[in-house]
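To keep things clear, I will list the structure first and then write my remarks on it.
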Amino acid sequence: MKVTLPDFRRAGVLVVGDVMLDRYWYGPTSRISPEAPVPVVKVETIEERPGGAANVAMNIASLGANSRLVGLTGIDDAARALSAKLNEVNVRCDFVSVPTHPTITKLRVLSRNQQLIRLDFEEGFSNVDPQPLLERIQQALPQIGALVLSDYAKGALSQVQSMIQLARAAKVPVLIDPKGSDFERYRGATLLTPNLSEFEAVVGHCKDEAELVERGMKLVADFELSALLVTRSEHGMTLLQPGIAPLHLPTLAQEVFDVTGAGDTVIGVLAAALAAGNTLEESCFLANAAAGVVVGKLGTSTVSPIELENAVRGRAETGFGVMTEAQLKTAVAQARQRGEKVVMTNGIFDILHAGHVSYLANARKLGDRLIVAVNSDASTKRLKGETRPVNALENRMIVLGALEAVDWVVPFEEDTPQRLIADILPDLLVKGGDYKPEDIAGSTEVWANGGDVKVLNFEDGLSTTNIIKAIKDGRG
């Protein structure tokens, strides 16, 4: 399936559900408490992250879509922290404050990458009047292209049937990430997105794919669903619709570090794509690609449009790797049209080592795209002597282009890349070492164009010269 990423900026999505704040306390532990046989943790770092339905809303906003979040909170520090975090990532919060209840908060204490304890602060909102939530949905429906109901069984969706009916009456697709085995309450939804465990809790264990499809199609009919998307971890996803052949999407994950929040990413990307005008099949394809990205990250995370584009089309198809100057100018112009920040650096990069990789990764973090300009073989000889380079230009560029941090690699013949930098005019020019910014080739041109120049440190003790010397001395 060939899918083009939509303009997510024209998509409006409302997320309604159980919002919560995830708190993390990190610190070392080296002794046992004299008060009880428990470890003492010296808390050094505190992190706060939006969780539950709030994480779905963040995934939608990370794509550049208009993301609005409705949920129930208390009137407390947790609610204020949640709102502040979400505002930072352009999620519009429209919470219903309940003074008699605390904001749902999960506090985790960790030491040496091990979770020691989790403390939950919650009472549930099942007895809270749902009318304010229904009113907010009704008000938002004319401005949105999709409604997401994120159910964590904490009470925000106690009147889920009323919410479904409001959306269907307005002809707005309603997508639900279900909880529990009572799927009757989701009757009439446009799409349910259970994982395999949640699906089999309702229909029973499926011995093979054929049985999964058969039972899934029966579930679609029984609950009058328009579609069912079963997420199946390493087996990808299966989309089932009445009267249409099943669509099986194999996983695109290269590595799996953490599946936390992957379901939030799936439904968030799916809803944003639908709201932006993609078909359901195309939206599922994009959601599957996004899931492959997010499980390769540690902790609850989101996916950017750039990461999604790379996952869908591949680095070669999206104009990555080694380029001529003319090709680079075109790629940079397209990046700027997308609002991306272009970073540029340069060097010989003769024998690539850990210091280079770390430096390039840090440079890439400063923007959306990274250009690496590489000295030609002749230029390297003039600067380093007749014995250099060890590796020919073509090989150096191939290795650099294979790095995840590097988007574009371009050669230059001169001793410095000043002419090339003046042609490209990156938003940020980066150089490693102990340079003064004003001494960096191209800095004057970049500043004159309104850009910036930054110096990054190299890791001590790592250099191509030292590696070559070690090899000559027989220490390689």
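Numbering starts at 1 and runs along the chain as displayed.
Glycine is treated like the rest: Cβ placed from N, Cα and C.
Since the structure is predicted, the reported quantities are computational estimates derived from the model, not experimental observations.
So that you can see what the record holds, here are the features copied from Swiss-Prot:
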{"type": "REGION", "residues": "1-318", "note": "region 'Ribokinase'"}
{"type": "BINDING", "residues": "ASN195, LEU196, SER197, GLU198", "note": "ATP binding site"}
{"type": "ACT_SITE", "residues": "ASP264", "note": "active site"}
{"type": "REGION", "residues": "344-476", "note": "region 'Cytidylyltransferase'"}
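For ASN195 (ATP binding site), the Cβ neighbour count at a 10 Å cut-off comes to 20, with all displayed protein chains included. With a 10 A radius on its CB, LEU196 (ATP binding site) counts 17 other CB atoms from all the protein chains.
Within 10 Å of the C-beta of GLU198 (ATP binding site) there are 19 other C-beta atoms, taking all protein chains into account. Shown are the recorded positions SER197, ASP264; of these, the residue with the fewest other Cβ atoms within 10 Å is SER197. Cα-Cα distances to ASP264 (active site) place none of the binding-site residues ASN195, LEU196, SER197, GLU198 within 10 Å.
Within 8 Å of the centroid of the Cβ atoms of ASN195, LEU196, SER197, GLU198, where the record puts ATP, the same chain has further Cβ atoms from PRO194, PHE199, GLU200, ALA201, VAL230, THR231.
Taking DSSP states H, G and I as helix and E and B as strand, the region 'Cytidylyltransferase' (344-476) has 53 helix, 26 strand, 54 coil.
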